[in-house]
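Feature annotations, reproduced from TrEMBL:
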- 52-87: region 'Disordered' (REGION)
- 70-87: compositional bias 'Basic and acidic residues' (COMPBIAS)
- 224, 244-247, 312-314, 361-364, 541, 552-553: substrate binding site (BINDING)
- 240, 242, 458: Mg(2+) binding site (BINDING)
- 240, 400, 454-463, 465, 490-493, 516, 543, 549: ATP binding site (BINDING)
- 302-397: domain 'Glutathione synthase substrate-binding' (DOMAIN)
């Protein structure tokens, strides 16, 4: 995903009495999809109606930040550690909040918890110009340790799943085939209609690689799987898995350190134990994976190339130079098209530098391809022998449609053999449906507040919520087009809402908010040799509950951390 553009999606601020019938009315759909939903129906568990306002929410439901850690063994908590919950935010003295906010800004400035300021035009073009602190939560978010461990445990399984899906070209092409439908003209003649032109172009590149017999021997995946904890069912449900430009491993790690510092400094006033914030080594894990991929490429003169957008306000992975002595360069897709040359042996030269590893910080959205130049660059890189993160097959494996296909009965068994691993992954699946499912579409039209309509897009601001779900589905039915192939329907998740202090542009304010947990995973394989498969950190994002979308850079959310309880 693009930096800061993952959405805290499928959320709402309240349930009314009529919504309480959702699970009951959808019984047949949910119970066949996820055994956990079946259990809920058998026990007659329905969401309780609850009205939430900025003043009526009980302070006892305050969320505390989730601590993220480095390697799994680093994140194990000690039994003797304090299990004291987060402080009641309503009872914190306003003067103390002001001191915490001031110290947070000072710490952010000193330690580089900063991004380019969009109000300064040159900030996206000249590094170091126009910096402002990253949007942050003032205090960490409370999160159940059991669900934290669950999310960490399934990370390597999801890493392996993505790799195996990427190797199954037939599955990828068949699952995504409806983005290109054959429209009958006359007789047997037909033309191809691109329902989703962007995904279709990615599929074209993937098809060319399959036809040419191109296989990625060195496969690198830097992923982030996003979850929300459903308040009523207490299930940790996956929102999506990001296989391209998984955002904020660097700043996310810094936020954990900031919160740990504040809890230590104000230990007496807050009464919180900083050790309950897991160590977050996400940026180190990503840098290590990139460095190891560079080593596997076996060309000491090659460099790591970051594919960036024209205006980039978030510099990442200085550890590659400082720790691993690996040279990095930054190029836009247009620059790669202009300067790139493919050698007969498959080596990609950009300028006069051989490229060993390519990390995509751009290329995940249609806006990244304003002309054919950018598409030529994407194809050129895919044809090369450089290690791609992600390769075109990894990119497609992270689409919403593939997520929905994997959630179907018996599909995971195509890629995984271990029954325990399959059960652990299925436990995380929310309801996911194709728009071919007429019963689900009918229910979504009747009760759109319980669904999210999602296109094949990365980044915030793309999902459809509330009454717009109903309007969109009715429009598609009326038009009778194949555009519905560009969308999936997903169960809407209802996380806990609690008062939180949010900081943006030097201003701290309290609002009702909800959070989304992302777990980073690093995967590296060279042919049959598994080199790395680890959970390597986390990202917590918190957003105002009145907003459906949740991108940090887009202005909807702030960076947070985890406080285990």
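Just so you know, glycine gets a Cβ as well, placed from its N, Cα and C.
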224, 363, 465, 492, 541, 543 screened against residue 242 (Mg(2+) binding site), Cα within 10 Å - retained binding-site residues:
224
Of the binding-site residues listed here (240, 455, 465, 492, 543), which is spatially closest to residue 361 (substrate binding site) when Cα positions are compared?
240
Nearest of the binding-site residues (455, 465, 492, 543) to residue 245 (substrate binding site) - Cα to Cα:
455
Between residue 224 (substrate binding site) and residue 543 (ATP binding site), how many Å separate their Cα atoms?
18
How many whole Å apart are the CA atoms of residue 543 (ATP binding site) and residue 247 (substrate binding site)?
16
Give me the CA-CA distance between residue 465 (ATP binding site) and residue 240 (Mg(2+) binding site), in Å, as a whole number.
16
Would you pick out, from the binding-site residues 224, 361, 492, 541, the residue whose Cβ has the largest number of other Cβ atoms within 10 Å?
541
If one measures from the C-alpha of residue 363 (substrate binding site) to the C-alpha of residue 455 (ATP binding site), what distance in angstrom results, rounded to a whole number?
17
Can you tell me how many other Cβ atoms are located within 10 Å of the Cβ belonging to residue 245 (substrate binding site)?
30
Roughly how many Å separate the Cα of residue 455 (ATP binding site) from that of residue 247 (substrate binding site), to the nearest whole number?
19
Please list the DSSP helix, strand and coil residue counts for the domain 'Glutathione synthase substrate-binding' (302-397).
32 helix, 26 strand, 38 coil
What count of other C-beta atoms do you get within 10 angstroms of the C-beta of residue 363 (substrate binding site), across all chains shown?
25
